[in-house]
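Participant: Dropping the structure in here first, questions after.
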Amino acid sequence: MNENEPTEKPSHFIRDIIVKDIADGTYGGDVVTRFPPEPNGYLHIGHAKAICLDFGMAAEFGGRCHLRMDDTNPAKESMEYVDAIRADVKWLGFDWGDNFYFAADYFERMYEVACGMIRKGSAYVCELSSEEWKDYRG
């Protein structure tokens, strides 16, 4: 291979899905991804991989990536971790722009949507006990 020859970007299944969705006009052709960490600790290498994939795919296709804190367990979460996560994302070279959110800010809306899905028969309320739930998990 000659170093002056243009190289084709290697593909993978996620890129292939995005290319197909854009070609089909799915979601209006917009590419929107999200990185949803739980702010209950510092990030690790697996998070860095996810950040690069989520933000990278959005950047490659001219889209945007939302940084959404999955703040669903306030007993274990801290603004110290939120600040560290934001710093790590920036350190990796990415920016979420105006797309920074806390899931808790729209819990009420999620609850309303879930109730609507139950009413339509698109979802149901699980009535298993915690012990039954553990048994089903294996």
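Placement of Cβ uses the backbone N, Cα and C atoms for every residue, glycine included.
What TrEMBL records for this protein is below:
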DOMAIN    31-137  domain 'Glutamyl/glutaminyl-tRNA synthetase class Ib catalytic'
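Relative to the rest of the structure, where do these features sit?
Facilitator: Summed and averaged per residue, pLDDT over the domain 'Glutamyl/glutaminyl-tRNA synthetase class Ib catalytic' (31-137) gives 96.
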Participant: Mind checking how the domain 'Glutamyl/glutaminyl-tRNA synthetase class Ib catalytic' (31-137) divides into helix, strand and coil residues in DSSP?
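Facilitator: Helix/strand/coil tally for the domain 'Glutamyl/glutaminyl-tRNA synthetase class Ib catalytic' (31-137): 55 helix, 13 strand, 39 coil.
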